């Protein structure tokens, strides 16, 4: 028995059968176009050796396509009604593939490695606007085994995640996700392929974790780098010298640390790349040591 993907009619019938009404608070919009589903899964690069962490499986459109790739899937769904229905839907539309599916009824922001029997190698997620960035950063931090990420988010969030330094959309999320890997856009998704139809376009973003990280990845180092990113964008139009003055202890010390990191103190924080923030933290420690020696 081959896997049958869900269409618009089936999705609406499923929702009716279980007396389900989409909730705005959960950002519930379900893809019903098979071509879009195949495009997302193809762009994710998922294959049969992967263990995929799927966030927000909903009624199962993407889940079926991921299983069709031969992957093992752990689907995390916050809505108890949808989590309960998902195994039945998968069983009805496939055959032995149900044996490669695990469903958890849980808030993704509380998910930890200890909750999973096997650790994921890939993440595929349909993330609502209000939790997209926190959820993504949480999963990248807590699940280092995840090597590739494909997320579908509101177009505005996609633009922010993939923005380059100095651009109008570049900000805290843009810099922080690059701590983990390379980021690129994979196009737009029309509102018409969803039920219910959202008011905005969605965007696809892929993140590939660095094969070998250019910098330390421990939690303490990451937290210090992220603090610098937060400082820089709290008043993004300030010069770096002024933005980091309180952190460094004075404007002069801020300038000295920036110069030690080969950063022009007159540059605005919004132009700094993740490598600049990392270098600033690393060189500031060296600068402090030189002051103590003197």
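Each residue, glycine too, has its Cβ placed from N, Cα and C.
When other Cβ atoms within 10 Å of the Cβ of residue 56 (S-adenosyl-L-methionine binding site) are tallied across all protein chains shown, the result is 26. Per Swiss-Prot, S-adenosyl-L-methionine binding site is recorded for 29, 31, 56, 77, 107, 126, and the stated evidence type is sequence analysis.
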Count the Cβ atoms, other than its own, that fall within 10 Å of the Cβ of residue 107 (S-adenosyl-L-methionine binding site), considering every protein chain shown.
12
Fewest-neighbour residue among binding-site residues, criterion Cβ within 10 Å, set 29, 126:
29
